[in-house]
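Quick look at what TrEMBL annotates:
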type	residues	note
BINDING	Asp19, Trp20, Glu22, Asn24, Glu33	Ca(2+) binding site
TRANSMEM	34-52	transmembrane segment
TRANSMEM	64-84	transmembrane segment
BINDING	His81, His217, His221	Zn(2+) binding site
TRANSMEM	96-112	transmembrane segment
TRANSMEM	119-137	transmembrane segment
TRANSMEM	143-162	transmembrane segment
TRANSMEM	174-191	transmembrane segment
TRANSMEM	218-238	transmembrane segment
Amino acid sequence: MAPAADREGYWGPTTSTLDWCEENYAVTWYIAEFWNTVSNLIMIIPPIFGAIQSVRDGLEKRYIASYLALTVVGMGSWCFHMTLKYEMQLLDELPMIYSCCIFVYCMFECFKMKNSVNYHLLFILVLFSLIVTTVYLKVKEPVFHQVMYGMLVFTLVLRSIYIVTWVYPWLRGLGYTSLGIFLMGFLLWNIDNIFCDSLRNFRKKVPPVIGVATQFHAWWHILTGLGSYLHILFSLYTRTLYLRYRPKVKFLFGIWPVILFEPLRKH
């Protein structure tokens, strides 16, 4: 976490319960944590195109919701790091819980009939979200949120490992790439928190371009944004395989992964 003393800018005093290691208002007077803010673009723009493509392909609404949920997380995180206001912090953290619940629903419904609805699982996930929201609004303890979020991510990891181990072993590459990128982001998130003072002192001694590369919370956004996006592709790939489509992962402009598929030809 950042030291208590930090400059003030356009948005006034910090009211959030968290203030990260990036120096506040160091780049511009209008954005509290510049790099932690703009790094959210990876969670905002690509999922929007993913949602649009999902609509065009006639995919189930749960996958459209998955893409849009990731976009909402990115937008909430943008607002939080731009302002460091408590209300914007909630706009970041609570959608993290809700989006993971959507991901969990998709992963556990991969092997069901098309457009089926599991009302029991929906009820459990909605109830979980309501309980977490209510408790978090009352206790305002970031560790509580982090533990609840971690539980959901752990559930997704276990389900993914089950699928690539027992159902579709040839999806290990995509599944483990998603997990590995996410875990790398989590590692950098911890380094940013634990060694904040050392990182700040290091940035004062090196050229700005090197200092920017040590903004590890921004890297957390980039890596977890990409990891989450790849997880949606993994979930969608699993689902469309089960529905007898022929999905393929292609790289847009040779860089960005997207999933394309076509129905199995009828003979």
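Placement of Cβ uses the backbone N, Cα and C atoms for every residue, glycine included.
In TrEMBL, annotation is done automatically, which means it is predicted and not curated.
Counting neighbouring Cβ atoms within 10 Å of each of the binding-site residues (Asp19, Trp20, Asn24, His81), the lowest count belongs to Asp19. For Glu22 (Ca(2+) binding site), the number of other Cβ atoms no farther than 10 Å from its own Cβ, over all displayed protein chains, is 28. The secondary structure of His81 (Zn(2+) binding site), as reduced to three states from DSSP, is helical. Reduced to three states, the DSSP call for His217 (Zn(2+) binding site) is helix.
Secondary structure at Asp19 (Ca(2+) binding site), as computed by DSSP, is coil.
Cβ atoms within 8 Å of the centroid of the Cβ atoms of His81, His217, His221 (the Zn(2+) site) belong to the same-chain residues Trp20, Glu22, Glu33, Trp35, Asn36, Thr37, Ser39, Asn40, Ser77, Gln215, Ala218, Trp220, site residues excluded.
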